[in-house]
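A.B. asks: First the structure, then my questions, so here it is.
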């Protein structure tokens with residue numbers, strides 16, 4: 001069966017002809033040197049051009065990253081080597097390296113060396129620590145030296161390919177080649193070493209359209225690959241996958257199996273001739289250079305072949321080698337979240353196939369290895385072969401002795417105890433299968449669940465799943481798609497009833513088989529269930545768990561990680577990365593058990609589990625309870641004062657909220673509590689809260705609404721003392737203390753407003769205020785100050801002023817007493833009164849003047865409501881206003897509105 005290899009294009013960068021490509025080891029960058037003399041750096045994640053180097057006007061045939069120095073090294077047809085800092089774009093160094101075009105650059109992985117090859121038939125070694133001096137020259141080729149590559153298993157050895165039809169292997173320190181490989185009929189364009197430890201192989205591609213595999217220890221050609229229709233310009237062993245990549249001037253890239261030499265795939269992106277290829281250890285990305293630009297493709301899946309059983313034994317594949325590690329062997333080693341675990345690795349042997357996936361069965365006794373279209377079931381302890389076969393896919397059932405294979409796109413077979421039990425053809429074909437409590441089969445029509453025992457259709461769902469995860473109880477299942485995931489409840493009792501009675505069974509299965517609990521718009525990469533909690537890694541590298549509609553983030557991961565399993569006794573979750581590093585994160589089983597009990601409404605169990613939850617975790621549990629609607633329990637459980645205060649407000653628990661507000665000493669909390677107290681008619685508590693919050697506006701509202709005159713008076717004094725002039729003014733004004741209002745405006749420099757207030761209510765004070773206004777204004781504008789008219793000097797401009805003096809005195813003598821608030825309905829509103837008419841015939845007991853004889857300002861009268869009563873409404877005097885927790889005070893009933901502009905500070 002063919003190697004299952006997903007190929008996805010990640011980047012297409014249109015440009016001039018690309019002569020070389022390279023991938024950065026840590027950044028998501030591709031380096032491309034162009035025939036027009038430029039070098040470009042592309043970000044293949046954002047698909048943007050991030051850097052450009054204008055090297056020269058001639059073709060740049062070679063360019064490499066030197067990541068440890070932040071360099072880009074280029075070689076061009078002007079025979080110059082140039083070194084650029086890719087962060088600053090500064091040219092660090094430049095020198096003439098050869099006497100003809102420079103074809104290739106190879107960077108030593110550990111030493112400060114680069115090797116260059118040229119059309120001058122020479123290879124040179126340069127040392128950048130010695131001011132880029134030429135340390136050695138390698139002579140021997142009789143034509144252009146097209147490519148050089150350093151042996152990854154022996155960094156002192158390198159190989160070269162030349163148009164003289166030979167491949168030569170060299171040693172640093174020796175100017176002559178170790179040996180020469182001959183076999184191509186035309187010039188050799190490219191060469192590469194196999195990086196695995198099991199084969200001493202070289203690969204070469206030539207103008208004879210052939211690709212040859214060489215054993216450089218035996219110096220023999222072990223395989224010739226035919227298929228390209230034009231010159232082979234690039235050939236490479238992939239450092240991670242068991243594949244060979246070759247590119248040709250025929251415009252195709254061919255992918256071959258490196259063990260069977262079978263052609264697996266042919267890529268043609270229509271960008272004319274292929275010139276170069278680059279890959280990187282630890283990555284599945286491959287860069288390709290063409291006449292019309294460059295492309296990055298992702299080959300295969302980066303998820304490692306790795307599995308862990310319930311006891312903490314981890315098995316993984318490193319290429320074809322299977323290794324094991326045991327978490328128990330760590331003993332009492334201190335483990336920190338997110339740090340790599342220091343595991344002792346044990347080699348278990350080699351696998352006959354290249355493993356793409358490894359998976360334990362539910363009880364952990366067996367492990368299946370899948371790859372190359374085959375599967376092998378081994379014993380987990382000793383890796384002894386138990387069963388094998390051809391299959392495109394494999395899935396374990398919840399019963400550890402049962403499994404299914406997808407033999408083709410139309411046939412699924414079920415095995416029990418390693419013997420075939422049943423074979424069937426799903427109605428709409430089988431593109432993929434999924435294990436668990438039910439056998440899932442994906443087809444073009446959607447997802448179908450079948451019974452393992454009799455392959456009866458349980459339910460067909462119109463969905464295209466990527467992963468399916470079943471809980472241990474079989475009650476819950478997560479179906480993950482490309483864009484979101486669904487949580488479903490499997491109703492096994494209804495399924496059994498429907499199977500017996502055949503009621504509710506349609507062509508799409510049993511209608512009531514599943515109940516949808518929720519859909520979450522997040523992409524699941526890997527996942528597992530612990531109780532009723534679904535733990536998963538997301539596409540944005542977050543480690544989350546979902547329970548009861550709530551998503552809790554356990555950790556933000558710094559790279560892509562894959563879930564292995566959860567060990568309850570350790571209270572830890574284990575994950576692995578593509579480099580086979582194992583990390584873990586703390587996740588308390590008591591928290592998960594509590595949340596599971598709440599979801600099942602088993603509160604007696606939840607109460608038993610609660611004491612085992614550490615205090616630092618209880619707030620997380622309280623948030624969960626709140627989201628489930630159990631706010632009273634959340635208030636009891638939570639240890640976070642902020643959270644408890646919010647819950648107390650929501651529940652109307654005034655005492656608890658008051659205690660928390662006292663402890664917090666927060667103005668915001670006092671304001672929130674005051675609002676709650678008012679809504680509960682607890683006005684004395686509201687008053688105390690507003691005082692703590694220094695909310696003078698709220699206090700004024702409360703005082704006026706309750707008719708509390710003494711409170712208004714105290715508020716006026718306090719507000720003025722604290723600089724809350726608007727509230728102070730309004731408080732004085734409501735009490736009829738117009739003198740205090742006037743003096744407040746004068747003290748705060750609001751002299752125009754003071755003048756208008758005096759003209760309206762205190763005409764006896766107008767002259768004094770105008771003089772103050774004039775003095776103040778003269779400091780800014782003398783002419784404007786002189787234009788102000790004093791009403792006592794220009795009576796003709798202020799008609800009715802003399803009468804106003806009389807009215808002011810009349811009001812003072814006749815309206816000195818306050819009226820009870822309960823008589824408000826009997827008082828004629830100010831807007832309906834004519835004070836001038838009421839004061840007719842009044843003779844003041846003293847002359848109306850601007851000032852008293854001693855020179856002090858005359859005391860201001862207070863304008864009060866009319867004392868006229870109507871006999872027919874006498875019974876209304878008995879009216880009482882019944883307000884809980886309030887004591888009505890005598891207040892001024894003067895209903896006077898003040899222009900808002902006057903109130904602005």
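Backbone N, Cα and C atoms are what each Cβ position is placed from, and that goes for glycine too.
Swiss-Prot lists 867-891 with the feature coiled coil, giving sequence analysis as the kind of evidence. The annotation N6-acetyllysine is assigned in Swiss-Prot to 627 on the grounds of similarity to another entry. Sequence annotations record features per position, and here Swiss-Prot assigns phosphoserine to 859. The region 'Disordered' annotation in Swiss-Prot covers 837-873. Taken from Swiss-Prot, the feature repeat 'WD 1' applies to 13-52. The repeat 'WD 2' annotation in Swiss-Prot covers 55-94. Summarising the annotation, Swiss-Prot assigns repeat 'WD 3' to 97-136. If you look up Swiss-Prot, you'll see 140-180 marked as repeat 'WD 4'. Look at Swiss-Prot and you will find 183-224 tagged as repeat 'WD 5'. Per Swiss-Prot, repeat 'WD 6' is recorded for 227-266. What Swiss-Prot lists as repeat 'WD 7' is 350-388. Annotated repeat 'WD 8' per Swiss-Prot: 390-425, in sequence order. The repeat 'WD 9' feature in Swiss-Prot is assigned to 746-783.
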A.B. asks: For the residue listed as 'N6-acetyllysine', what is the tally of other C-beta atoms lying within 10 angstroms of its C-beta?
C.D. replies: 14
A.B. asks: Below 8 angstroms Cβ to Cβ, which residues of this chain, lying six or more residues outside the repeat 'WD 3' (97-136), approach it?
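C.D. replies: Same-chain contacts beyond the flanks: 20, 59, 61-66, 69, 73-77, 79-81, 83, 142-150, 152, 155, 158, 160, 162, 170, 172-173, 175.
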A.B. asks: Going by DSSP, how much of the repeat 'WD 7' (350-388) is helix, how much is strand and how much is coil, in residues?
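C.D. replies: Taking each residue of the repeat 'WD 7' (350-388) in turn, the totals are 0 helix, 21 strand, 18 coil.
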A.B. asks: Based on DSSP, name the secondary structure state of the residue listed as 'N6-acetyllysine': helix, strand or coil.
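C.D. replies: In the DSSP reduction, the residue listed as 'N6-acetyllysine' maps to helix.
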A.B. asks: To what whole number does the mean pLDDT across the repeat 'WD 5' (183-224) round?
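C.D. replies: Mean pLDDT for the repeat 'WD 5' (183-224): 93.
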A.B. asks: Under the DSSP assignment, what numbers of helix, strand and coil residues are found in the repeat 'WD 6' (227-266)?
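C.D. replies: Taking the repeat 'WD 6' (227-266) as a whole: 0 helix, 21 strand, 19 coil.
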A.B. asks: Per DSSP, what is the residue count of the repeat 'WD 1' (13-52) in each of helix, strand and coil?
C.D. replies: 0 helix, 25 strand, 15 coil
A.B. asks: For the repeat 'WD 5' (183-224), DSSP counts of helix, strand and coil?
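C.D. replies: Counting residues by DSSP class gives 0 helix, 22 strand, 20 coil.
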